[in-house]
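A.B. asks: Supplied in structure tokens, the structure appears directly below.
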Amino acid sequence: MEVKTSLLDNMIGVGDMVLLEPLTEDSFLENLKNRFDHNEIYTYIGSVVISLNPYRSLPIYTPEKVEEYRNRNFYELSPHIFALADEAYRSLRDQDKDQCILITGESGAGKTEASKLVMSYVAAVCGKGQEVNKVKEQLLQSNPVLEAFGNAKTVRNDNSSRFGKYMDIEFDFKGDPLGGVISNYLLEKSRVVKQPRGERNFHIFYQLLSGSSDDTLKKLKLDRDVGKYNYLSLDSAVVSGLDDAANFRTVRIVGFMEDEMQSVLELVAAVLKLGNIEFKPESRCNGIDESRVKDKNGRVDLLVGSVLERAFSYRTVEAKMEKVSTTLNVAQAYYARDALAKNLYSRLFSWLITRINGSIKVTKTRHKVMGVLDIYGFEIFEDNSFEQFIINYCNEKLQQIFIELTLREEQEEYIREGIEWTNIEYFNNAIICDLIENNKNGILAMLDEECLRPGTVTDETFLDKLNTVCAEHQHFESRLSKNSKFLTDHSLPHNCFRIQHYAGKVLYGVESFVDKNNDLLYRDLSQAMYKANHSLIKQLFPEGNPAKVNLKRPPTAGFQFKASVGTLMGNLQTKNPNYIRCIKPNDKKASHVFTESLVRHQLRYLGLMENVRVRRAGYAFRQPYEPCLERYKMLCKKTWPHWRGPAREGVEVLLTDLQVPAEEFSYGRSKIFIRNPRTLFFLEEKRKQCLEDLATLIQKIYRGWKCRSHFLLLKKSQIVVAAWYRRYSQQKKYQKIKSATTVVQSYARGWQVRREYRKFFRANAGKKIYNFTIQRIMQKYFVGLKNNMPSMSPVDKSWPARPYLFLDGAHAALRRIFHLWRCKKYRSQFTEEKKAVYEEKLEASELFKDKKALYPSSVSQPFKGDYLEINKNPKFQKLNSALDDKVLLADVVSKINRANGKGSARIFLLTKKSVVLADQKTGQVKASVVLSDLASVSVSTQTDGFFALRLKEVSSAVSTPVKGDFLLSSEHLIEIITKLHRVGAANADKEKINVDISDEFLVQFKHDKVCVKFIQGSPKNGNNASCKRKNNRLLEVSVPNTPSTPSTP
Ligand SMILES: Nc1ncnc2c1ncn2[C@@H]1O[C@H](COP(=O)(O)OP(=O)(O)O)[C@@H](O)[C@H]1O
Ligand SMILES: [Mg+2]
């Protein structure tokens, strides 16, 4: 949606002076100052733009600004020169209305800048394309040339235009520029020969000297030094911020031919050189001094020297077909020189403009025109002369046109809008224009009359004439006029007259009025110029052509000006005017300084108060119905927020509802007209209040909406969250209940089943459970036992502990079974021989274990049997062969002597059948006993090796003579006895040999029975037992305490 804005938005002071309340000069000034202080340099008076020179660049002319103001209505945005330019351009393009933009203001107020801004805005918004751009460029490029030749540094403005300029820009039907025409007014040519203090000549002179090449200067016979030229002021030859050399370069580009440019520069040089010509008096015979050119070298080379010299010495006056030549004195010669220089320069300037017009001329059919007038405003100096008079006349005319066009426009609008025309009171300055320009008795006519009158004509005679003719005029004041009221007015000098312009009173000194109006160039001079060797000079002075001698005086300056102003006004009258009134805020060219007195002065002579009054004469404010309704519709309930009917009715309803007095407004066809600004401000104030309320309302609704939508979102979210949470918690609860139910169910079922089957349980269950448990325990026991089996060694005594008491018996039995099994396993590894050995050992154990103390020491000794290796040893071969049986045991034993108890070594042999004793040395058999003859064998209980072989009482089979029993001692006692016992047992036919074990037994020695007694004695003879015969009946064997370790055999 497009946002409708208005000038009235964010206004600083009032943007349109028409709305000023109360309207006084002070409030006007105050408003301007207030806005200026806030960088608002533009203010409107209706459609007129007041522009204050900011003297610094403001960021308000950017392309963005151009876009902002483009195609917007005039009152839509804050005041700006672009708004005016846009309005003008659009009504030119869209409504086919020719436009003129009138820019006035005093020197340095910003007129030229304003005209450039307007042109650049139009250039920016109008069509684009190669052709169009070329035209735009040409139009904009005419400026540098015009500024170089027509502008100068003055005390008020470093780049002051010293001519009035009117430029018509021509457009085609689409609004694209085609070209233009420039007109110039009143170049200040006196500046060529003389400049006020602190000012300069026209820029071009300085630009030429500083900017052209050495070559060019040489060709032009010029010196770069400004000081060499009389016409150039020295004190401000260099202006800060003004680069003459650079500007000179821009002068060249404007489609000029090279030789044309050269000619122009030659003329500029000629002016400079003219200024250097000096004169000296030369006495003539008639006593009159005649002037002569002082220095022949100072000639202007373009001109024919002698002709020119003559022209500076003589003057030809033609009257009634007669030519009279009069001499010129030095002063007259200088006057003539300066007049020539001024004329030459101003004609050159006019020629330049014609030339530029030639190059920007429109060839196609033009359609619409926009004129831009950049002309000096009212000038009120201390000394005002002819120029000021002319300029102020021009401004009167502009004011006239302003009044005329504004009123006309106003009237037309009223007619268009069908509003009754009420007479407007305002000051019409037509009467002042009439005072100046009236053909019969106007001041200009009087002046012309004086100038043309034969006889002595002076400025005084001119004033006299005015005093008589204009005395009665309300706006004319002179000391010596017939009007006696000025006779005593000491502010009015005698040689002055005063005009009450619409912008204030101005006092003009009459001095040189006549001269300046005449603006004469002696014919001798123009003829001399015509004779010059230079086509451009010739062209500039056509009246010097002798073939075209015209005795008619050329038109006076006043006349010419009046004519051109007349044409201009005629021209402007056909166009729609747009005004820009430029104001200079201070004299110092300083930014941010607002000198009230200076501005007050300007607003007076620019007639701005008058402007406002004219503008406000009818209705101060008007606005089409639509925007008006749009802007104020919120003030009435019926029109807010929408009015469905026509806008006009809406406005009527609105104003009636607001009780605005009926005389305050009128309804036009398309616009509402408001008489007083205060009514508008009343509406604005109401609107502001209402907007605040509306803003609050909008804010309220918005906040409500925001909170509500936020709340709804929260609520929605809460529902979602709650739903999810409920689902989750229900799920959890359900699962809990479910598992609880299962438990309860299982209990219940269990209970039920148990109740059902209790009888069965009572009958069987106990037994079954018992069996099952026992089985389980047994299983566990056996598996545990299996895993903890002791080693397979038969001597290993370990056995796992019994786990249950009731298993005691089984555990012990198992242990026994395991042990037996282990032994069997062990035994099954044995060979026959080993078995026999173990059987022997077993037998030894049966015989001696716990009966004889020697036994334990024998357990570890293997039973070798044949200790003598009887078969292998050749020593025993004979003995061996004497035996008829296999030797089971062969050893050396000691045979105890029966008499003394001493032992002697004998070989002891055992076979299956008998025991043989042989001599150890000889191997001769000493005794042989058949086993069947052996009654028993006696041994002690002690550690000794003594044993007694006891024979049966009646022995038949003894081969040897009976000598009784044998008492022997052997280290292998256990082995010998065991084997002996075994052999006896093996023989089935025989009785077993008894083995007696006691410490006291009887032995049959021959016929005696001797008791062998074993006692314990202290160890003598080492550890061996010793035998001693005590008496006939007792043989005592003393056995050491410690068990004897059998000595190695
Ligand atoms: N709108 C503006 N913005 C900035 N500076 C300005 C503006 N108008 C004028 N000036 C300054 O003031 C000086 C005088 O302006 P100018 O247009 O030459 O005055 P005038 O033509 O009225 O004599 C300019 O050179 C420029 O420095
Ligand atoms: Mg200017």
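Here the Cβ of each residue, glycine as well, is placed from N, Cα and C on the backbone.
Predicted automatically and left uncurated, TrEMBL annotations should be read as such.
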A.B. asks: Pick from 174-196, 289-311, 565-587, 726-748: which stretch is listed in TrEMBL under region 'Actin-binding'?
C.D. replies: 565-587
A.B. asks: In this structure, which of the binding-site residues G105, G108, G110 has the fewest other Cβ atoms within 10 Å of its Cβ?
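C.D. replies: Ranked by other Cβ atoms within 10 Å, the binding-site residues G105, G108, G110 bottom out at G108.
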A.B. asks: Under 8 Å Cβ to Cβ from E106 (ATP binding site), same chain, six or more residues apart: give me those in sequence order, or none if nothing qualifies.
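C.D. replies: The answer is R156, Y376, G377, F378, E379, C582, K584, Q602.
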A.B. asks: Here the binding-site residues are S107, T112; which one has the lowest number of other Cβ atoms no more than 10 Å from its Cβ?
C.D. replies: S107
A.B. asks: Could you give the number of helix, strand and coil residues in the region 'Actin-binding' (565-587) as assigned by DSSP?
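C.D. replies: Its residues divide into 9 helix, 8 strand, 6 coil.
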A.B. asks: Setting G105, E106, S107, G108, A109, G110, K111, T112 aside, what same-chain residues sit with their Cβ within 8 Å of the center of the Cβ atoms that define the ATP site, listed in sequence order?
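C.D. replies: In sequence order, the nearby non-listed residues are N53, N157, Y376, G377, C582, K584.
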A.B. asks: Just to be sure I understand the contacts, which binding-site residues have a Cβ under 6 angstroms from any atom of ligand 1? Candidates are E106, S107, G110.
C.D. replies: S107, G110
A.B. asks: Around A109 (ATP binding site), how many other CB atoms lie within 10 A of its CB?
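C.D. replies: I count 26 other Cβ atoms within 10 Å of it.
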A.B. asks: Reduced to three states, what secondary structure does DSSP give S107 (ATP binding site)?
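C.D. replies: The three-state answer is coil.
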A.B. asks: For a Cβ distance below 6 Å to any atom of ligand 2, name the binding-site residues from S107, A109, G110, K111, T112 that qualify, or say none.
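C.D. replies: So the answer is K111, T112.
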A.B. asks: Give the sequence-ordered list of residues that share a chain with K111 (ATP binding site), lie 6 or more positions from it, and have CB atoms under 8 Å from its CB.
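C.D. replies: Sequence-distant Cβ neighbours: I103, T104, G105, S161, D374, I375, Y376, G377, I580, C582.
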A.B. asks: Taking only the residues in the region 'Actin-binding' (565-587), give me the average pLDDT of this model.
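C.D. replies: Per the prediction, mean pLDDT sits at 91 for the region 'Actin-binding' (565-587).
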